[in-house]
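*Asks:* The structure that follows is given in the form of structure tokens.
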Amino acid sequence: MSARLPRRVAVLSVHTSPLEQPGTGDAGGMNVYIVQTATRMARRGVAVEVFTRATSSELPPVVELAPGVLVRHVVAGPFEGLDKSELPAQLCAFTAGVLRAEARQEPGHYDVVHSHYWLSGQVGWLARERWGVPLVHTAHTLAKVKNAALADGDVPEPRSRVIGEDQVVAEADRLVANTAVEAGQLVGLYGADPDKVLTVPPGVDLERFTPGDASAARAVLGLPRDAVVLAFVGRVQPLKAPDVLLRAAAELLARDPALRARLVVLVVGGPSGTGLEQPRVLHNLAASLGIADVVRFLPPQGGPALADVYRAADVVAVPSHNESFGLVALEAQACGTPVVAAAVGGLPVAVADGVSGMLVPDHDPAHWAAVLAEVALRPAYREQLATGAVGHARRFSWDRTTDALLGAYTEAAAAFRTALDRALDRQEIAV
Ligand code: UDP
């Protein structure tokens, strides 16, 4: 049996579109992951069609994201005002739209279906059955893991999601985990067949995120050259814990009031999820901590502006209560900025403790203040970590992620055909 690359992949991204700006709402690392891997697959001659829910009547049915990458907008429920929690009720409509789009093509249009997040996994499950192609699934986050690390203000993931994830884990031909820890969770918490689970680390765009002149980046952002800049980048939600950075900054100022003249806390990103979703909540927290004058809020940044945010920072903080990987940590390091991160989920892989940044075992603001001071206020140590950060980030690349995914597709397709042949031999299915 010859192992050949698939010609065309159906990628399912029900709840968020690769065309959206990441860093707010439901758009984050998964969107970046899909864009980066799909464009690279297309460059290797594998066409990609991404199915996502239409969230505006203005959206054309099909958009070319890049040569060889199409985004198909599926009408499923009202365009606007539908929360992610309401999407399970729209999965039938979404699946109908996906199957209808395929039915308009020549038979055998897709060679593999890759679903992202459990909602898409449910759709992929049916597509697999209907099209007779393997289902590769990436969870991105897992309800059981998330519920074990809830932050104040977070709403637990419902049982229906856990059941839905269990089903997808049982039905998928291959499960792609970001880290060995996630692979272990799929097996240990969800009963996945270990032979179906493979670990594929995500990447970082090393052309966009490069080390650069911090003073120039600070000038672009209107920050003083000699400031001590601590940055949070990402969706503002309780799970990401930007409040820990604010509380730690207040602690730093309590210990060293003179620092107030130089300290800048940058919070970059938009509201998302529950609890801290109202943009005012963090502003109010800053005011109640008496540090409103040092905290600056920026809306989600795209293009080169985000690299400037990372370059301008002395430290990027990732205090999340849970993080399946943490692309922000890699991007900051690729820009030569050390990361102080919570030692949770994939962050101990994304950050090399004591080499490219530091890991904090808990979310105690006093501990965070101590570690942030150790990195940000000791220039020689910071420089050492900055060098380590660039080296660590270079160990990851979207090209390698893409190669590993294509390998998984090829292998899954071969195993799928073998299983089908065996079933035919045993005449288990009618010919
Ligand atoms: N991001 C962005 N602009 C922003 C904030 C975040 O483009 O203002 C991107 C960031 O570059 C990263 C992604 O959003 O690639 C967030 O991914 P991460 O894995 O850190 O967190 P997630 O959102 O998946 O929980």
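Our numbering is plain: 1 for the first residue shown, then up by one each step along the chain.
Glycine residues also receive a Cβ, built from the backbone N, Cα and C atoms like all the rest.
As annotated in TrEMBL:
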{"type": "BINDING", "residues": "His15, Asp26, Ala27, Gly28, Gly29, Met30, Asn31, Lys84, Tyr117, Thr141, Arg161", "note": "1D-myo-inositol 3-phosphate binding site"}
{"type": "BINDING", "residues": "Gln21, Pro22, Gly29, Arg235, Lys240, Gln301, Glu323, Glu331", "note": "UDP-N-acetyl-alpha-D-glucosamine binding site"}
{"type": "BINDING", "residues": "Tyr310, Arg311, Ala313, Thr337", "note": "Mg(2+) binding site"}
{"type": "DOMAIN", "residues": "28-203", "note": "domain 'Glycosyltransferase subfamily 4-like N-terminal'"}
{"type": "DOMAIN", "residues": "217-386", "note": "domain 'Glycosyl transferase family 1'"}
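Locate each feature and note its surroundings.
*Replies:* The C-beta environment of Asn31 (1D-myo-inositol 3-phosphate binding site), restricted to residues of the same chain at least 6 apart in sequence and closer than 8 Å, consists of Ser13, Thr16, Ser17, Pro18, Glu20, Pro22.
DSSP gives Gln21 (UDP-N-acetyl-alpha-D-glucosamine binding site) a coil state; it is part of no helix or strand.
The number of other Cβ atoms within 10 Å of the Cβ belonging to Tyr310 (Mg(2+) binding site), over all protein chains shown, comes to 28.
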*Asks:* So for Arg235 (UDP-N-acetyl-alpha-D-glucosamine binding site), how many other CB atoms are inside 10 Å of its CB?
*Replies:* 24
*Asks:* Using Cβ atoms only, which residues of the same chain lie under 8 Å from Glu323 (UDP-N-acetyl-alpha-D-glucosamine binding site) while being at least 6 residues apart in sequence?
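*Replies:* Those within reach of Glu323 (UDP-N-acetyl-alpha-D-glucosamine binding site), by Cβ under 8 Å and sequence separation of 6 or more, are Ala341, Ala342, Val344, Gly345, Gly346, Leu347, Ala350.
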*Asks:* How far apart, in angstrom, are the most distant Cα atoms among the UDP-N-acetyl-alpha-D-glucosamine-binding residues Gln21, Pro22, Gly29, Arg235, Lys240, Gln301, Glu323, Glu331?
*Replies:* 20
*Asks:* Can you tell me which of the binding-site residues Gln21, Lys240, Gln301 is spatially closest to Arg161 (1D-myo-inositol 3-phosphate binding site)? Compare CA atoms only.
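*Replies:* Out of the listed candidates, the nearest Cα belongs to Lys240.
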